[in-house]
Amino acid sequence: MRDALVLLTVLAAVAAGLWAWRRWHPGSFWLVVGYPITALSVLASWRRVALGCGLTKKRQRFWFTTVPGMVASTGVVRVKRRFQRIAVDTKPFMWLPLPTRHGWRVTLHTLEGQTPGDYADAAERLAHSWGVHAIRASSPRPGRVVLMATMHDPLVKVDHLPASTDLLKVIVGRLENGKPWTIDFQTVPHWLNAGATQSGKSNLANALIVGLAPQPVALVGFDLKGGVEFTPYSPRLSALATSRAETVTLLDDLVGLMVDRMGLCRQAGARNIWQLPPGIRPIPIVVLVDELAELYLMADKREKDEIAKTSTALLRVAQLGRAFGIYLFCCGQRIGSDLGPGVTALRAQCSGRICHRVNDPETATMTLGDLDPAALVSARAIPAETPGVAIVAGQDGQWYRARSFYVTEQTAEHAARTYAHLAPSWDEITTHLPESVNA
Ligand SMILES: Nc1ncnc2c1ncn2[C@@H]1O[C@H](COP(=O)(O)OP(=O)(O)OP(=O)(O)O)[C@@H](O)[C@H]1O
Ligand SMILES: [Mg+2]
């Protein structure tokens, strides 16, 4: 009786210790306790899981058995011979699972006739079989597939990362694999940022403003929601258009500026502004558009010409802007062809795609284009309780779930005021061309 009591006390103490360890230092607990158990159980269950998820192939094998009736891979083989050829379900070879920040990853050798797509299709079934939050399949090289398992949704709470110091590069949040979510205008010059109302589009624009404000970059805003979103940031903006007339003028200026920069590059024998010597290189401009649809919506017939002009100018900026240091970041609830033919062409120019929570499958398809269908399913599955979560496609051609850092309007306003002195005036940008051009 006394022994049993001691044993119970020891067990309770161990359980409490483990609980406290997991609670206060989940990282080391996972590495020392959780991961080895998980790795062993994944290896042990792989044959059953692969069979259940349809990832095995039948292969002919010679099989020696002492009891002929016992070989039962495809039913009981009732032959008298001891050495026989039978069909065996072969599973893909699996390496040892390795621990990651939010779970584990494992490399597999694909079987003949399999593609990484087969594993991506089975991802949800695999996740349920292993009881993990999600499985993502990728292929580092032909014949290999890496399965990345996340135990819990890492995007429920994202902590801030240090700001990037590189020009035109902003860390705006975290990807589901724990890596930073970076918007790098030098790699991907134009971006579409779509999502239903309250999905986190403006929050992402705030994160961009906070990241770009300390950099030697001019910021320009288009806000046809009456300027309510961007006016508070005007100290750091070099220009802001809040009405249709202002939009037309500002876009005209931007196109004119682009033509001037073209001339400058031609004279200097450069293909883009980055090949110009730093002394005469014009400042890069990031153009932020909130609610893109407002630029295209027509209240009455008189606006038709203005809208046509806007559409053409915006498209020209998108087509030629990259070489001349003008970058676009367009936010909108819908970015569909119903807004006019100009939008489809603009969409084609924007290779960076961000799709927040959407209400209808068309918006996801319009934003993410012909990306992996699993990306579209993921976009539609973003819950309303996690604003800021988005599907991101860009830099490396892959898609990721990601969540932006929470950046309040106050933080963005504070950054805009703090770095107001870095905002060149619009006159300065448009008229002050280096001597070599005016000469
Ligand atoms: N990354 C985030 N983390 C936490 N909360 C967020 C995040 N992004 C947005 N939110 C919350 O969601 C709310 C709505 O976000 P936001 O204003 O960016 O949406 P929106 O898509 O711009 O909506 P609308 O189309 O109405 O302008 C914000 O007030 C904020 O509280
Ligand atoms: Mg908004």
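Quick reminder: no glycine exception, Cβ is built from N, Cα and C everywhere.
Taken straight from TrEMBL:
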- 30-50: transmembrane segment (TRANSMEM)
- 178-365: domain 'FtsK' (DOMAIN)
- GLY195, ALA196, THR197, GLN198, SER199, GLY200, LYS201, SER202: ATP binding site (BINDING)
DSSP three-state call for SER202 (ATP binding site): helix, strand or coil?
helix
Could you give the residue numbers and ranges of same-chain residues that sit at least 6 residues beyond the transmembrane segment (30-50) on either side and whose C-beta is under 8 angstroms from one of its C-beta atoms?
18, 21-22, 56, 91-92, 94, 96-97, 99, 104, 106, 126, 129-130
Other residues near the ATP site, CB within 8 A of the CB centroid of GLY195, ALA196, THR197, GLN198, SER199, GLY200, LYS201, SER202?
ASN203, GLN333, HIS356, ARG357, PRO387
For GLY200 (ATP binding site), the number of other Cβ atoms found within 10 Å of its own Cβ:
25
Can you list which of these binding-site residues (GLY195, ALA196, THR197, LYS201) have a Cβ closer than 6 Å to ligand 1?
GLY195, THR197, LYS201
If one looks at the chain holding THR197 (ATP binding site), which residues at least 6 apart in sequence have a CB under 8 angstroms from its CB?
GLN333
Let me know how many other Cβ atoms fall within 10 Å of the Cβ of SER199 (ATP binding site).
24
I'd like to verify something. Among the binding-site residues ALA196, THR197, GLN198, GLY200, LYS201, SER202, which ones have a C-beta closer than 6 angstroms to some atom of ligand 2?
LYS201, SER202
